[in-house]
Amino acid sequence: GEEEDEEEEEEEESEEGGGEEEESEEEEEEKQENESHHQATSKEYIAVGDFTAQQAGDLTFKKREILLIIEKKPDGWWIAKNAKGNKGLIPRTYVEPYNKEEGQDTSEEEDSEEDVEVGDQTAGGEEVKQRTDSHWSAVQKAISEQINTVDVLTTMGAIPAGFRPSTLFQLLEEGNQFRASYFLQPELTPSQLAFRDLMWDAKTGTIRSRPSRVSFILTLWSCKMIPLPGTSIQVLSRHVRLCIFDGNKVLSNIHTVRATWQSKKPKTWTFSPQVTGILPCLLDGDCFIRSNSSSPDLGILFELGISYIRNSTGERGELSCGWVFLKLFDASGIPIPAKTYELFLNGGTPYEKGVEVDPSVSRRAYGSVFHQMMTMRRQPQLLVKLRSLNRRSRDLLSLLPETLIGSMCTIHLLIFYRQILGDVLLKDRTSMQSADLISNPVLATFPKLLEQPDMMDALRSSWAEKESTLKRSEKRDKEFLKAMFLLVYHDCVVPLLHSTLLPPFRWAEEETEAARWKVIADFLKQNQENGGALQALLSPDGVHEPFDISEQTYDLLGEIRKNVA
């Protein structure tokens with residue numbers, strides 16, 4: 001398995017590292033013989049920051065000093081020589097290629113050579129095809145703009161060498177094509193005359209269930225040994241972002257689960273904490289995973305991240321603290337077993353290879369098995385559990401879109417949405433060729449809730465309350481339940497979404513989150529006391545945004561997913 005491979009690699013590395021002192025004299029002679037050869041092959045690099053030796057064998061250097069790289073080790077610590085002829089280990093994140101002609105600016109040729117050096121293999125270990133899709137080049141540009149800040153933080157020692165700007169956050173910022181609200185929409189067939197993943201079942205009087213190649217439940221357990229950033233940055237959120245990935249492309253929405261963190265166990269992150277009332281869906285570690293991609297290299301990409309603010313400048317940012325790719329099928333196409341997986345994290349971005357999250361952990365692992373075991377225990381890791389589905393879960397998941405990742409605690413609400421979509425688009429539409437605007441507030445606004453988890457929680461708690469008052473016979477009546485759901489939605493979500501009292505949703509801003517939750521909680525309490533939203537809607541205190549037709553209108557052609565061949 002992957003873990004064994006990693007252990008073997010570590011053993012090799014540590015054997016190389018073992019007995020350093022005894023070998024040093026022989027090495028010295030060998031290096032003198034090879035000096036001229038190294039001179040020819042090695043490149044000059046310029047330091048982007050000051051570095052002070054952390055232990056014997058490291059090379060101290062100052063910013064803008066020119067260093068000759070003698071050997072590039074895969075653990076991120078390179079052997080370098082300074083102008084005085086002193087040699088030692090340096091962290092690769094502190095240097096960049098030096099171009100004599102242009103001073104510090106590196107030539108394009110050098111850059112591309114560097115890219116090949118770190119990027120010729122993907123998370124799955126396959127060769128990378130040259131990325132041409134425009135969103136990827138935009139992401140690379142955005143990440144390269146952030147790299148300067150991250151370099152500064154790394155140089156200051158504020159973050160470990162393997163941290164990077166978050167790749168998945170950048171994709172989410174690009175537009176809506178990696179958001180759950182996009183994947184929740186139906187997709188047309190290539191002919192554009194029918195829906196590919198939304199069909200009517202006349203026998204049951206609702207939408208037809210659809211199997212998917214990948215359909216299971218995954219539980220995020222915990223993250224261990226995650227290195228801490230320094231005190232110069234304040235962490236606003238710790239989270240895991242996950243998506244379907246084929247080693248090259250993101251093939252689903254990017255789902256985010258926020259971790260719970262306690263200062264008494266600073267290197268451990270946990271999920272699904274015990275809370276009074278309902279567990280917020282943002283903290284729910286139980287996720288459903290659906291994908292119908294036929295790629296043989298299909299898997300889940302996990303990226304651990306932090307949202308931070310720099311104390312000195314007030315600048316905000318998103319960092320990746322490591323990533324791991326779990327392939328879902330073996331070489332012969334058989335799905336991996338449902339069990340708990342202990343996944344060791346990689347540093348860098350998913351398009352780099354051989355970068356450690358924190359190289360200082362394993363760079364001096366000695367040869368003994370005990371040392372290796374200790375080193376393995378100190379490696380950053382993510383624990384996840386793949387669950388096999390019982391019949392009820394399988395039936396529920398098959399009512400969802402073919403490709404979607406989301407929180408298990410919202411699944412019943414997503415199914416209501418899909419069933420209402422089926423009623424409106426398949427059962428009640430006057431003509432299947434009609435693409436007129438449809439008046440339906442639920443269809444028009446529900447996808448927004450997927451980008452505002454606190455609003456989804458408001459709907460969940462209102463629905464749970466309503467459901468608790470229903471008789472058993474009513475709960476079995478699908479049409480009655482749907483009608484009740486529509487009532488709850490109009491009472492709870494519609495007024496809140498357009499209230500001026502509700503500040504816009506902002507990720508990882510504590511004051512905004514608290515202010516929003518107060519408005520939501522007060523409104524739900526009022527509804528409970530008054531038996532509905534009418535009083536709140538008519539109250540002079542409830543100020544609403546000017547009415548916009550989009551609150552009511554479902555634009556079929558505007559909302560459907562574009563068929564990407």
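Every residue gets a Cβ built from N, Cα and C, even glycine.
Feature list (source: Swiss-Prot):
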COILED    2-48  coiled coil
COMPBIAS  1-32  compositional bias 'Acidic residues'
COMPBIAS  104-118  compositional bias 'Acidic residues'
DOMAIN    40-100  domain 'SH3'
MOD_RES   SER14  phosphoserine
MOD_RES   TYR182  phosphotyrosine
MOD_RES   TYR554  phosphotyrosine
REGION    1-46  region 'Disordered'
REGION    95-132  region 'Disordered'
DSSP residue counts for the domain 'SH3' (40-100), split into helix, strand and coil: 5 helix, 26 strand, 30 coil
Stretch-averaged pLDDT - the coiled coil (2-48): 48
TYR554 (phosphotyrosine) - helix vs strand vs coil (DSSP): strand
